[in-house]
Amino acid sequence: MASEPVNVNEFQELAKKALPKMYYDFYNGGAEDQYTLKQNIEAFRRITLRPRVLVDVSRIDMSTTLLGYKISAPILIAPTAMHQLAHPEGEKATARAAAACNTIMVLSFTSTCTIEEVASSCNAVRLFQLYVYKQRDVSAELVKRAERYGFKAIVLTVDTPKFGRREADVKNKMIAPIIKNLEGLLKIEVDSDDGSNLEAYANRTNDASLCWKDIEWLRSITSLPILVKGILTHEDARKAIEAGVNGIVVSNHGGRQLDYAPPTISVLEEVVHAVGGKVPVLVDGGVRRGTDVFKALALGAQAVLVGRPVLYGLAAMGESGVRTVIEMLKKELELTMALSGCPNLRDIKRSHVMTHHERLHSKI
């Protein structure tokens, strides 16, 4: 028997062995040259730590609150599509793992289990990620269902007016999703002979006219807090605040939308400064180590979201794989905090990290 994985990265190889090529490529791939996909990870590696010593770290507390809900660590499960491609239990298994780890899962709009199935799988704090379709009533219905079944916030994805060109999916002729949440609400036949059915489906359904004033529309149909996911600039961060959002997720869609968009960790601080503490700022993209979580917190994030590693854990070992991935990141964060002299999250300061740019210009 192969040795058990000792870090999150090792789950990727297990997932590659477990999954059909089409599905692995779908989860793993990015847009076009995959520059942004690769840089999401590389940019974390260019940030170094500045540990402080002789601090009492005999007790480490990683717990925090988000939107008023206490979680065991600032590590959330990002919204990712179609978990049943990875494991028969799909999003229900992921939801149970999130609950076991006492953290928050963001359920994808394009999930293979319904809102109701995930809600009844276990008792936990969950958020719902939303795409706005051309048929607005379809998106509105899903928002209402999420609210009815106890989801605590809406995470509006704002970086997908058109679908990014994911060339592995084009080559593989990736199948269109079976979105169980849309059964009875929407029927779109897609048969794209020249590439990805998924791309053709998304471009036929997603509302490319979505703009800032539509935050008002969303607010008119739900009393839940609204976070926007897909902010990469201080200009859009300020617009989000003006629009009255309750939180921001710095995200480039895991490098799957606009290639050559900046890696998220490199623009996090820009967004944090623009927001000025008015709402929580979260970040996703490229988090593979506890040190990555620490770096994001030092640069001003309230929490990180983890996407692909969760899918790799699910593909490799089901619910227990997802749990192991989250617990590995938590243990690594705990160790990083101890070795950096930070017993609590509030002790993690900007001075604990040095960016590549700062090193280049340092006269120390």
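Placed from the backbone N, Cα and C atoms, the Cβ positions cover glycine too.
Keep in mind that TrEMBL annotations are predicted by a computer and have not been checked by a curator.
TrEMBL annotations:
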- His253: active site, proton acceptor (ACT_SITE)
- 79-81, Ser108, Gln129, Thr157, Lys229, Ser251, 284-288, 307-308: FMN binding site (BINDING)
- Tyr131, Arg166, His253, Arg256: glyoxylate binding site (BINDING)
- 1-358: domain 'FMN hydroxy acid dehydrogenase' (DOMAIN)
Legend entry - recorded positions near Asp284 (FMN binding site) (Cα-Cα within 10 Å), from Arg166, His253, Arg256: His253
Inset, instruction - State, in Å as a whole number, the widest CA to CA span among the glyoxylate-binding residues Tyr131, Arg166, His253, Arg256 given in the record. - result: 18
Inset, instruction - Take the Cβ of Pro79 (FMN binding site) and count every other Cβ within 10 Å, whichever protein chain it belongs to. - result: 26
Inset, instruction - Could you please provide the mean pLDDT value for the domain 'FMN hydroxy acid dehydrogenase' (1-358)? - result: 94
Inset, instruction - Calculate the distance in Å between the alpha carbons (Cα) of Gly286 (FMN binding site) and the residue listed as 'active site, proton acceptor', and round it to a whole number. - result: 11
Legend entry - Distance from Arg256 (glyoxylate binding site) back to Gln129 (FMN binding site), taken between C-alpha atoms, in Å: 16
Legend entry - Cβ packing number for Gly286 (FMN binding site), 10 Å threshold: 28
Inset, instruction - Looking only at C-alpha atoms, tell me how far Lys229 (FMN binding site) is from the residue listed as 'active site, proton acceptor', rounded to the nearest Å. - result: 8
Legend entry - Rounded to the nearest Å - Cα separation of Pro79 (FMN binding site) and His253 (active site, proton acceptor): 10
Inset, instruction - For Asp284 (FMN binding site), just count the other CB atoms lying within 10 A of its CB, please. - result: 27
Legend entry - C-alpha spacing of His253 (active site, proton acceptor) relative to Arg166 (glyoxylate binding site), in angstrom: 12
